[in-house]
Amino acid sequence: MSAGTARPTAREVRRHKWWGWGQDDVAFRHDNKPAFAPLARDKISLDLATSVPDPDPDLSLLEVPPSGLPEAVREQLASAVGEDNLLLEDEFRVLHSFGRSLPDLVRVRAGGYERLVDAVVYPASEDEIEAVLRIVLDHDLVLIPYGGGSCISGSVTPDPAERRPVITLNMGRLDRVVDIDETAGLARVEAGVYGPDLEEQLQERGWTMGHFPDSFTYSTLGGWAATRSSGMQSDKYGDIEDIVRGLRVVHPRGVISTKAIPGRDSGPSLHELLLGSEGRLGIISECTVQVHRVASVRQVIAYMYPDWEHGIRGMHAIARSEVSPTFTRLSDGPETEFSLAMVKEPTSTKGKVAAKVQDTLFAYLRSKGWQTQGEMCISYVCFEGTKEHVEREKSIVKKIVSRNGGITLGSGPGAIYDQKKFDTPYLRDFLMSHQVFGDVCDTGATWSRINEIHSRVYDAFHAQRREVGKPGFMFCHMSHSYHAGACLYFTFAIPYESEETALEEYYGAKRRVQQAFVDHGSTVSHHHAVGTEHQPWIEEDITSLGADVIRGVFAQNDPGRNLNPGKIVSP
Ligand SMILES: Cc1cc2nc3c(=O)[nH]c(=O)nc-3n(C[C@H](O)[C@H](O)[C@H](O)COP(=O)(O)OP(=O)(O)OC[C@H]3O[C@@H](n4cnc5c(N)ncnc54)[C@H](O)[C@@H]3O)c2cc1C
């Protein structure tokens with residue numbers, strides 16, 4: 001991984017289980033979380049005492065159409081990247097044909113595949129990427145760049161109607177930090193590196209990039225740049241568009257390089273156009289990114305507010321104050337209830353004492369008129385820096401929270417949040433095995449409309465559930481604070497009736513939520529890309545003229561529609 005070590009072979013590159021999230025041997029379990037089953041029964045009528053989970057899917061039981069890659073092309077690709085780095089096996093083609101959205105998971109498990117990619121190619125250098133792209137253009141094939149395949153926007157999936165052979169370009173062998181300019185605080189990094197490997201290489205030398213999306217363990221730098229990703233620490237480190245200062249992109253007519261300069265005026269921003277282009281303008285081979293010295297002290301402190309409105313006032317006041325936390329996050333009442341249901345049964349004496357203290361605190365809050373179930377809102381704020389800096393910022397935030405009706409809980413719950421932050425994606429697979437969909441929708445909202453959007457989205461979701469006469473549980477948190485607003489991140493869980501109607505049932509709820517976003521002046525997505533999933537709202541988001549401008553850029557740069565066609569705007 002570092003300059004001296006050998007690159008991983010294609011088969012060694014990190015990958016998800018073909019049918020779900022993450023590692024094969026990791027799964028969500030609820031037996032050690034006593035409040036989880038009662039919540040599931042109450043909110044979505046799921047009785048975990050009687051519900052029998054589906055067994056893990058078995059690929060050998062599904063029919064997988066053969067690769068349609070012509071032999072002559074196969075030989076050329078193998079000579080470009082080496083035989084071992086060109087994979088045509090069923091499991092690899094199935095895995096690379098889907099991202100990790102809920103519809104992806106339904107389709108990948110169901111089989112009956114309409115269209116799979118025909119080959120997966122693993123280049124190990126920019127020259128090899130160029131060679132593969134040349135073959136793709138010469139033979140009029142389709143090429144889909146692939147990072148970790150964690151997108152939830154349909155962005156790595158071939159168009160079912162595509163008749164040309166489709167090649168997935170897996171970037172995972174390009175996994176190195178090339179160098180760090182310690183004076184500028186800029187690192188040149190190959191685009192296929194996964195989050196944990198990137199941070200390991202940087203932190204070995206005392207640096208961090210500070211980008212931690214929830215999908216961190218299974219997503220890559222190039223994927224983040226190509227989807228305009230946002231990590232949970234964006235308040236301090238910025239979104240990926242703030243972090244990536246320079247790019248190298250293999251384009252159909254050569255290599256584009258944008259200089260890694262902190263500020264520039266080169267007319268309209270080409271750099272910005274390449275960010276978020278989802279593989280339609282070329283393959284990002286390398287990014288130059290801002291890096292920071294790892295802070296000597298890091299603390300996550302938890303706070304509690306009586307309700308959402310008080311919490312939002314507190315969050316807004318923090319955003320407007322002189323403090324600069326690493327992240328600020330506010331769970332609404334239902335999400336707080338969910339978080340409390342995810343707490344493990346204490347086994348140690350320390351844990352049992354903490355649980356007693358919590359019970360006593362909640363009883364006290366109830367005596368003060370707080371509704372501790374479904375209304376009070378937990379918040380986390382992360383502080384980094386020197387001890388003095390952290391202490392000073394904590395004391396300012398404590399006062400702001402108190403002025404806005406909240407209380408400080410301390411670092412105990414904050415530390416638990418920090419340790420468990422990458423575990424929740426496994427819950428979705430668990431729920432699916434019990435015929436329940438759990439999914440997320442995110443949006444960017446201004447401070448002036450954030451409460452309105454919060455309640456309108458709930459109204460839209462619950463109206464839809466009433467119309468279909470089925471239960472549904474929704475919760476939300478606010479994260480990624482900016483000067484003018486923040487991100488609202490909604491999670492919902494709905495039981496579904498049958499495999500046949502599953503996607504229809506899912507889209508019934510999801511579309512209502514997305515429509516509520518655009519109807520009430522917020523964005524179609526804050527950081528979950530466009531792909532095909534969010535495309536139906538793109539014109540409402542950026543106007544149809546705006547979408548036409550983007551369409552023109554793609555058509556001019558990729559007239560043969562060889563690069564991930566159909567994503568963001570169609571055709
Ligand atoms: C459980 C879960 C949690 C998530 N949490 C977050 C979150 O907190 N924040 C967030 O921003 N997103 C989140 N996502 C969405 C997803 O992780 C992001 O969109 C991520 O940036 C995708 O990175 P990837 O490497 O997996 O890219 P992929 O999914 O492999 O690809 C995504 C798109 O980028 C293109 N692409 C990938 N690599 C390159 C490259 N080198 N050059 C050109 N194009 C390329 C692909 O063609 C595709 O169009 C989450 C997803 C899941 C399933």
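Backbone N, Cα and C define each Cβ position, glycine as well.
According to TrEMBL:
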type: ACT_SITE; residues: Y489; note: active site, proton donor/acceptor
type: BINDING; residues: 214-220, 227-230, 278-284; note: FAD binding site
type: BINDING; residues: R428; note: substrate binding site
type: DOMAIN; residues: 113-294; note: domain 'FAD-binding PCMH-type'
type: SITE; residues: R329; note: site 'Important for enzyme activity'
Among all protein chains shown, how many Cβ atoms are found within 10 Å of the Cβ of G282 (FAD binding site), not counting that one? 27
Which recorded positions from the set T217, T220, G282, R329, R428 come near ligand 1, judged by a Cβ under 6 Å from any of its atoms? T220
Using all protein chains in view, find how many other C-beta atoms are within 10 Å of the C-beta of G279 (FAD binding site). 25
For T217 (FAD binding site), the spatially nearest of the recorded positions R329, R428, Y489, using Cα atoms, is R428
Work out how many Å separate T220 (FAD binding site) and R329 (site 'Important for enzyme activity') at their Cα atoms, rounded off. 24
Helix, strand or coil: which one is T217 (FAD binding site) in, per DSSP? helix
Rounded inter-Cα distance in Å - S229 (FAD binding site), R329 (site 'Important for enzyme activity'): 17
Would you mind reading off the Cα separation of the residue listed as 'substrate binding site' from the residue listed as 'active site, proton donor/acceptor', to the nearest angstrom? 16
What does DSSP say about S229 (FAD binding site): helix, strand or coil? coil
I need the CA-to-CA distance for R329 (site 'Important for enzyme activity') versus D214 (FAD binding site), whole Å please. 13
At the Cα level, what's the spacing in Å between G282 (FAD binding site) and the residue listed as 'active site, proton donor/acceptor', rounded? 30
Should one count Cβ atoms within 10 Å of each candidate's Cβ, the binding-site residues T217, S229 would be headed by S229
Cβ contacts of Y489 (active site, proton donor/acceptor) (under 8 Å, same chain, 6 or more positions away): V440, C441, D442, C476, H477, M478, S479, H526
What's the number of neighbouring CB atoms sitting within 10 A of the CB on R428 (substrate binding site)? 22
